[in-house]
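What Swiss-Prot lists as N-linked glycosylation site is ASN91, ASN184. Positions annotated as signal peptide by Swiss-Prot: 1-21.
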Amino acid sequence: MKSSILASAAILAASLEPVAALSEPLQNILINTDRSPIYRYPTDVTRGIVPIPVHSHNDYWRDIPFYTALTTKLALSAGCISIEADVFLFNDTLYVGHEESALTKERTLQSLYIEPLMNVLKKTNPKSPFVSGPTRHGVFDTSSGQTLYLWIDVKNDGEKAWPHIVKALQPLRDANYLTKIQNNESFVPGPVTVIGTGGTPLSQVVSAADRDYFYDGPLKDLTGFTSLISPIASTSLMEVVGDIKSDSENPLNPTQLEAIRKQIKAAKEKSIGVRYWETPGWPIRLRNELWRTLWKEGVALLNADDVNAAKGYF
């Protein structure tokens, strides 16, 4: 796949030397039609990217947040269907970063996530005389019905910050791109599903009968939770299973396996997906074995810091 992409790019780039294997007339045709509207696919912004059930953990650490989770710097598809941003509220602005010392005035929820999301969604939902109204396709051209989970981890003063987050979603809301709940009973899927986590106040989520945001369910105890509140629930893997032996052929012993199976079963009975965070990233063999085990046991999302490795896993 990689070689074919590179070969096509070499043929079509006018700045490159002619390819000897092709006749000169064909080379000229390929070069001269490169920018013609006839040969431009209208929703090609994510063309060829296959979505994978991976959560881009601490996505804002990446060289290019949001975009890297979709396509990596090397143009090798990543296709993560879930991304996460930590936010701090200061002076009515939502800044993105893991801790306060890492914040900058340029890195905001708006600049790193809302605006890029709108940019991609506008490209995957172009105006067309061939459709009767606006479309609600997701960010992945190969699977337009796949939602993108946007987790917003509130790091300070959740009660005060959450209304600002709801307000920040307005561009996505106006374009009808958000998954929503109507009258506390009707689930309407959309291109983007927002899930509040960290310091997100549960009371401000469940109090709205009509809303376009959800809550990260507490996987340890889902009493009182439904998929209308929490489409996905999460918890720390380490807190559930304790120490994991990296030198063992099987990363989880029978007792540990039973613990996660019990949680996954309880969540599935409520139609709630499961994600485990704080999963070891090293040694590589252990990480991969844990991914394999968790996926086999039925989690909805695999937590990944190395999205390239996760893509290779699938």
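From the backbone N, Cα and C atoms, a Cβ is placed for every residue, glycine too.
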Those glycosylation sites listed as ASN91, ASN184, and which of them has the most Cβ atoms within 10 Å of its own Cβ: ASN184
Rounded distance in angstrom between the Cα atoms of ASN91 (N-linked glycosylation site) and ASN184 (N-linked glycosylation site): 33
